Amino acid sequence: MNSSTFWMPFTPIEAAKNPLRVASGQGSWLVLEDGSRILDGISSWWVNLHGHGRKEIAEAIYHQALTLEQVIPAGLTHGPAEALAEGVLSHLPEALCRMFYSDDGSTAVEVALKMAVQYWWNQGETRRTRFLAFEGAYHGDTLGAMSVGDRSSGFSDPFRPLMFDVAYLPWPSTWDNDEDIELKENAALKALDEALENHGDTFAGLIVEPLIQGAGGMRFCRPEFLLGVQNRMKAAGLLVIYDEVMTGFGRTGEWFSCVKAKTSPDIVCLSKGITGGFLPLGATVTTKKVQDAFLGDDSSRTFWHGHSYTANPLACAAGLASLRLMEKEPFRKFESWHRELGEALQDHPRIRRFRAMGTIAAMELLSDGSGGYFDASGPLLRKAFLDAGVLLRPLGNVIYILPPYCTTREELALIYETIAAVVEGL
Ligand SMILES: *Cc1c(COP(=O)(O)O)cnc(C)c1O
């Protein structure tokens, strides 16, 4: 077998020469071809919710495949698509009542952006094509999603001429015992006020990763801040888009961040955990208000957007099976575990800014490097964790844990012990 035909994502080609070969997955563990096991501390890039190899989801996919594997989704519908939409909506704020399916997180974001722009266009407001977004944001790698993401990492430099104009706001990143949080929040809200005052009539809306910026370094904000943003956006009559691709399905300790923050966005993007990590699927959820702007006989009002595999029945069946496992709310136990197990690490002289929310915990390693995604400590840490049998993928000097919900307290303790040992050994 040869891995040289598989061009890996987010991986320099030279660095990918000897990838680990995975044979199977069981619960929180991955089994390599050589028989060794590694503990999956990041839910395989944040998609796996209930552990690897969950029979309930595998069987749901199998039975659905024997019944109906795929059907053109324009003008035809099927049980799994409707049941999944209904099930997900029942856990979101009441105003959200309509679901548009796509393929992954990036397409869920593209749909949201296009929906927001056309919402205004259909009302004769053709100049409202700009978005407000946050420094440090990550919304995906397609052109539109990349355009609303942070541009300081350098990832998007070759594509600058292709990206559209976005107004960026500071992100009031916070952690345990943060004394400056109100100052940071006030500065960000002031920047929002100014943008709305000076350019308010150019914006369609604002996009935000609610409560936690993921790929930007597991940067938390407070619910109060999201409420402040919502109040200002509502007063200006603009749309608020929540990118819950990472935070959705229990990650923050509630079903969704918008529920936890007691806010009611106009559009919500979902993917990653939606099928329990079994099949790709994206969804963009919205309100009656937004949907109603697309009503009418004039065909120019229609949302002319779609993907070949929209509402794929297998993915929807997986999503339904995952939702049933979610209803036991296995995500609620983690925050207290993180706090108990993280306590010793918090006092370590090389660790700072510990934070935990729901199933996610993060901390920063004091390093000599630049900080940020390309901090030199990232690859070193990753290799040391793997050598110790734990799959963690630090974002530069930010070490984070984002476990599947089947993870036991003992397994989580093993992850913390490994972090402590690796940091100690640096
Ligand atoms: C991963 C992620 C995306 C992109 O999702 P893909 O499925 O990788 O395209 C978008 N937004 C957020 C917040 C994400 O974490």
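Every residue, even glycine, has its Cβ placed from backbone N, Cα and C.
Keep in mind that this is a model prediction, so the values were computed, not measured.
What TrEMBL says about this one:
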- W45, Y138, K272, G306, R393: substrate binding site (BINDING)
- G105, S106, D243, H307, S308: pyridoxal 5'-phosphate binding site (BINDING)
- K272: N6-(pyridoxal phosphate)lysine (MOD_RES)
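Within the group of binding-site residues (W45, Y138), the Cβ with the highest number of other Cβ atoms inside 10 Å belongs to Y138. Rounded to a whole value, the Cα-Cα separation of G105 (pyridoxal 5'-phosphate binding site) and R393 (substrate binding site) is 19 Å. In this structure, the binding-site residues G105, G306 were compared by how many other Cβ atoms lie within 10 Å of their Cβ, and the smallest count belongs to G306.
When the binding-site residues W45, G306, H307, S308 are checked against ligand 1, none has a Cβ within less than 6 Å of one of its atoms. Listed in sequence order, the binding-site residues from D243, H307, S308 having a Cα within 10 Å of the Cα of Y138 (substrate binding site) are D243.
The record assigns W45, Y138, K272, G306, R393 to the substrate site; their largest pairwise CA distance measures 33 Å. Between the binding-site residues K272, H307, R393, K272 has the most other Cβ atoms inside 10 Å of its own Cβ, all protein chains included.
Each of the binding-site residues S106, S308 was scored by the other Cβ atoms within 10 Å of its Cβ; the lowest score goes to S308. Each residue contributes its Cα atom, and for S308 (pyridoxal 5'-phosphate binding site) and K272 (substrate binding site) those atoms are 19 Å apart.
DSSP assigns D243 (pyridoxal 5'-phosphate binding site) to a strand segment in the three-state reduction. Same-chain residues at least 6 positions away in sequence with a Cβ under 8 Å from that of D243 (pyridoxal 5'-phosphate binding site) are, in sequence order, G105, A108, V109, A112, A137, H139, I207, V208, E209, P210, C269. Each residue contributes its Cα atom, and for W45 (substrate binding site) and S106 (pyridoxal 5'-phosphate binding site) those atoms are 14 Å apart.
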